[in-house]
């Protein structure tokens, strides 16, 4: 038995969906532990492209239990659309389960999210506009609506009474928007409750039962370390905790239940939205990475900002998450480059530093110090073993492993499942990897 957490080691969009899908074949339970529909992952199966925002990647394996945990925020409209899409593609969803205690994103959350971002003007954060922040804010203020409330009209009416009155006053008097009709919401969300009721469970109880029965449990994070509310580039962050510690809170397990933490990182770096990004590229190479990597957000469709691999934030992610190993994705995107740069440290106010500054203002002033490595100018897309890789590609991976001081267990060379080199099975293999320092 092994219980594994999969986290993003950068700013999200690292390819966690593919890695989780790969590991899910060995998992009995897959748990999404935080975030909402602001996250998106793309999975390619039999040339079909499936884009999911809420439902865990493990849903593609019919024997796997897929839990949407208590730490998530759920938009039932999106969940039902994803259920329909999966059914239309003949995918068995009988293993899909939703925590009764997860909070629900309501229509007013989305309206307020967009209005707040509009009001910020030039100081905007770059939110997806999906209502995630306002949903988590209501949760913290104990004004939230939970999944269990959608199953009982009396509970839903009581739960809506105070927050909806407050939100309507805010919408009308501060943002100049129309008030939201209470009866319409109640009717609509009771129907959502009726439709999702077969999937609603006590999430924590199921996880602990699986643990007692020595099952393999995979905890799937959304977004990435540098978007963590407490440990990211605040305020340009998400409203939850994507780091490995968030798995304990969002799934309701103790840290001793976690056996291993896998960090997923691209062979370069991307970021969506606002906020500092020291290794960001402009011009031809940026366009090349964006086009070859298909760097457009699954959730927003926004073009991602691209840059060289940043080893400083990488080492920070190793420390914050307690990473045991890495999965490096999109190595093939670098195939046509003459040379490749890796940030090994920063210069801040004339001083060389090798750590991630806690101030976003200081981080924005950091100038990257690069190590230049030769490119390989040949395709890696069909490589299936380490020895198939061009020597410069192997050298690049070894350099990343040495810089991050953590072994590489998986290398992804494309979107398809078979475009993967598994150096070590992170669930069943020994706690080591062959490609290491």
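Glycine is treated like the rest: Cβ placed from N, Cα and C.
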*13, 14, 15, 16, 38, 39, 40, 41, 128, 142, 223, 302 bind IMP according to Swiss-Prot; which of 204, 233, 238 goes with them?*
238
*DSSP state at residue 331 (GTP binding site), helix/strand/coil*: helix
*C-beta crowding around residue 303 (substrate binding site), within 10 angstroms*: 14
_Alpha-carbon distance [residue 301 (substrate binding site); residue 38 (IMP binding site)] in Å_ = 12
_Maximal Cα-Cα distance (Å) across residues annotated as binding IMP, namely 13, 14, 15, 16, 38, 39, 40, 41, 128, 142, 223, 238, 302_ = 34
*Quick one: of the recorded positions 13, 223, 302, 304, which has its CA closest to the CA of residue 413 (GTP binding site)?*
13
*Between the Cα atoms of residue 18 (GTP binding site) and residue 41 (active site, proton donor), find the distance and write it as a whole number of Å.*
8
*Cα within 10 Å of residue 41 (active site, proton donor): which of the recorded positions 13, 128, 301 qualify?*
13
